[in-house]
Amino acid sequence: MAFFFAQFLTGLANAAALFLVASGLSLIFGVTRIVNFAHGSFYMLGAFVGVTLMEFLPGAVGFWGAIVLTGLVVGLIAAVVEMVVLRPIYRAPELFQLVATFGVILVIQDLALMIWGAEDRLGPRAPGLRGVWRIFGEPVPKYDIILIAMTPFILFALWYLITRTRLGVLVRAATQDREMVGALGVNQAWLFTGVFALGSALAAWGGALQLPKGGADLLMDFNIIGAVFVVVVIGGMGSLPGAFIAAVLISVLNVFGVTYLPQSTLVLMFVVMAIVLIIRPYGLLGREEVAGEHGQVGAPETPIRPYGTRGRMVVTALLLVLAALPFVADQFLLILTIDILIFALFAASLHFILGSGGLVSFGHAAFFGGGAYAAALLVFHTDTPMELAFLFAPLAAGLLALGIGWFCIRLSGVYFAMLTLAFSQLVWSVAFQWRGLTRGDDGLINIWPAPWLNGPVTYYYFTLILAVGGILVLRHIIHAPFGYALRAGRDSPRQAEAMGIDVKRVQLVAFAIAGVMAGLAGGIFVFAKGSVFPTELEIAKSFDALIVVFLGGVKTLAGGVVGATFLSSVEHWLTRLEYWRLVLGLVIIAVVILMPEGIVGSLRSLWARVTGSKSEVSK
Amino acid sequence: MLSVERINSYYGKAHILDDLSFEVRRGEVVALLGRNGAGKSTTMKSVMQLVRPRDGAVMFQGRNLVGDPAFRVAKAGLGYVPEDRRIFTDLTVLENLEVGRQPARRDAPHWSVEQLFQIFPNLSERRGNRGKHMSGGEQQMLTIARTLMGNPALLLLDEPSEGIAPVIVEQMARTILQLKAEGLTVMISEQNLHFARAVADRAIIIEGGQKKFDGTFAELEQQPEIRDAYLSV
Amino acid sequence: MTEILRVENLKKSYDGFIAVNGVSFSVKQGELKALIGPNGAGKSTCFNMLMGQLRPTAGEVFLDGSRITGQKPREIWRRGVGRTFQITGTYQSMTVIENVQMALISHHRRLFSFGARAWRLYRDEAMDFLRTVDLQDQADRPCSVLAYGDLKRLELAIALCHRPRLLLMDEPTAGMAPQARIALMQLTADIVRDQGVSVLFTEHDMDVVFAHAHHIMVLNRGALIADGSAAEVRNNPKVQEVYLGGGTLFKEEAHA
């Protein structure tokens, strides 16, 4: 019993940092509507800046002073990031900004590597709080008790700020209608910068406060972001008490998970989140998001048309070049092209649901990796012939998408995105922790194609036919009645329902089709590489696909394919540099700022301006 | 007080305001009339810089507002009430008013919360209620009160009579006349000629983003062809 | 005349707040009936319950004598109820005619068809519907560039695609110029007469209501306070008090 209680206290202590980081994310999302992927980076910066400051400042005053200062320093950095990177793109289409924040992650990662080096830092102990107190005979670190005691004050301070001060009233008003707040004389640019800085400072405080318990390392950013999203979503977007309850829930559960179910620690919080969202779709204390409440930003999408003669000729020419490639290119270029084709199909499958359906999935890697694993498992454990195992990839991914989709489709917007993220993490943790089946991070190896397909040139043609075929099928569906119904459900769900369209059913079928195509890409991938590892199911993989869809242009049919080609090529050339993340991050940020409609969309606008064409219908 | 000089505004590729010029003088109530789609709302938004005119000038008390962000326009003394109300439904009446609060201005009437509650007694009863639990008429009153908290010198009211019950429309007309009596300058956009005539001193009629008439209602009465061509009553 | 729609004791409350409190009425075949009342009286809530967007707390809705209470919007649409929205809900990323084609694709049950090109399907039929509302010249323009009044007419065309027997129109003329209002309601009245459709609509413009509605109902604070002919409603003192007002302010001016 005493041990049980001590465990509980550890969980509560862990919740302090998590709550701080989560409340920051919630605050930023509420006001700016930006899903800030880089929030974990500010948490990591907080830890590193905190360590450095604590080395300079001595004693207890120095320790706590360093923590306070950390928030101010990181808040300042965040303010600069907001002004330089985000301010120019608030008017871009919704969620486009998350691409920029992804660029920020990469930049901060490499800057941290440059400044603090690759080695993990141990956090200093808090002066005067080094030992333990015994509670019911169990040792509990003094620092934990202090953290537990502090948390309610932090919650109260934030709650007071939001509900009782003018700043809080303005923040809540801006959450609802930021343009109107501006029209009433409030400088919303500074309000946004301020909120972004405050939210990031909260993350940094979280990073600094956990130093005596955890330390600082370069993986902190991605390690916490999953948990933070989970907390915000379980608590309900924009609800501080909700975030608090969820942070406690997740932290306590985690401590007990480590003790009693060590093989399931990664899955646990995502399972909890999935259960909460299924019962309460908008989180414990969240309220329903009304679509369109915040006003449509960006120009409306133009009607779609199949390519005209010129477009067809360009595509045909491109295909001919690709078909002729083995005659001129070396093996290295062929393999690179195979990678690009696989990624293009993967991105096109996400673009299909995101562009036409408005379904922003944060977990699309589940179907890519899921397809790859499905085929690999068959080959690895049962020696299934490659042809059969390969067919199983899209099939299994499609079924997985049907299952996951059935849960997720009930939600929309950010909640939908989060639930897909949760399910993909679930799939990932199964691959990672069910070592008996998947060999964990040792991966499944020796998954080679059938003899008749072995050889780079043959496999290249195999890839070319399937990837291009898949992309063309997706395009065809977009122009079919089904694709129109999908767009109808995105443009105006209530009109669609009022004309007899079962929007959820259409979306579910589309989700499954996207799963099949992602699984197909995964199937091609696993036999091209001969192996598969849990990295193919990671959040980073899902984000990759998201990034290229937005980079290419959501509102253009070719966006996913073009974005994938662009990113794969750039990444390929950059990875030979030492600080390639920094450069890639800057490239992404530059593209986002210079081409707010994505590469294809912006080129099209440019073309229209050059030729002076004023066509109301685009291709 | 306000002088709009040859502004051109676009919405996407559509040319909405075409070389539009007009003036509003201190202490008067001006009605901007015209059909739906004539450019009334765009005119209001162009003055507020919520839509940025591509050229021309919006001179307010001697300063050109074009290019300023909306908050600076508001701080200069322009109060804007949008046609779709846009109150903060999650905030209480008092909090809604707090968002609009700005320091007092020498050249404009000053409003306190209590004074506004005298003008809008319904709001006083519901000061702790959230915006979403209010009727449309009450919401309309709240947007006006919220904007008055900024102590504007010139109030822009976009279609105040649209979509509310006739009985509230009458109340709205009385309120506007009362505000005028307090020394406020007001510009309303309207489709309802009766309402405009009841509250305004002068009418400006626009069509296709161009000014077609500028004068008193008596003058308009003598040019029925203009009324028939552009107002279609 | 036969009864198309019958509503019995309809009620809707949200955590303590009663939006619609025991409303009963009926709409007969070929009838053009208006539902008026102050903002917040519960008109839209009523509409959303009739169309299945909201589930009533209590009460029943019958269409042609069969119960449709609590059914989903698309099920009610299948049974022959079309609707237009207060704030238009057309598909911004499609052309005008594609919006109508979409409705026809649904009408002909071709939604899950993967082979055809959607923009080739039912184009002629869609053009006929556009002609009904006089939008044929704008058929291939993107919906996003249409004027507001045209969008309202497009919605009407869309609602007609399934050959409804009852049309629910939520503030069909809101945001339109006076002449366009009259034209749209005249068009609606023609459709009622030619096709035998029944229409129930909400409206704030009293000129439109008194000029076109066969019968008028007045809703106030969630309850019906009048249901009758134009003259009966106009002279009802209760209606004047809560909704119509004295009209003195404008009448003096207008007749001055």
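Glycine is treated like the rest: Cβ placed from N, Cα and C.
It should be emphasised that the depicted structure is a prediction, and the values quoted were computed from it without experimental measurement.
For A:6-29, A:41-57, A:63-86, A:143-162, A:267-285, A:335-354, A:361-382, A:388-407, A:414-434, A:459-486, A:506-527, A:547-567 (among others), the entry in TrEMBL reads transmembrane segment.
Counted over residue pairs 6 or more apart, the CB atoms of the transmembrane segment (A:459-486) and the transmembrane segment (A:335-354) come under 8 Å in at least three pairs, which marks the two as touching.
Of the ranges A:6-29, A:143-162, A:361-382, A:547-567, the one with the most Cβ pairs under 8 Å to the transmembrane segment (A:506-527) is A:361-382.
Using the rule of three or more Cβ pairs under 8 Å, pairs at least 6 apart in sequence, the transmembrane segment (A:547-567) is in contact with the transmembrane segment (A:335-354). Tertiary proximity for the transmembrane segment (A:63-86) is limited to same-chain residues at least six positions away from its ends with a CB under 8 Å from its CB atoms, namely 32, 34, 38, 42, 45-46, 49-50, 53-54, 56-57, 97, 100-101, 103-104, 124, 126-127, 192-194, 196-205, 207-209, 589, 592-593.
Segment contact holds for the transmembrane segment (A:6-29) and the transmembrane segment (A:143-162), given three or more CB pairs below 8 angstroms at sequence separation of 6 or more. Long-range contacts of the transmembrane segment (A:361-382) within the same chain, counting only residues at least 6 positions beyond its ends with a Cβ under 8 Å from a Cβ of the stretch, are 346, 349-350, 353-354, 388-390, 392-397, 400-401, 404, 408, 416-418, 420-425, 427-428, 431, 437-438, 444, 446-447, 511, 514-515, 518-523, 525-527, 531-532, 534, 536-539, 541-546.
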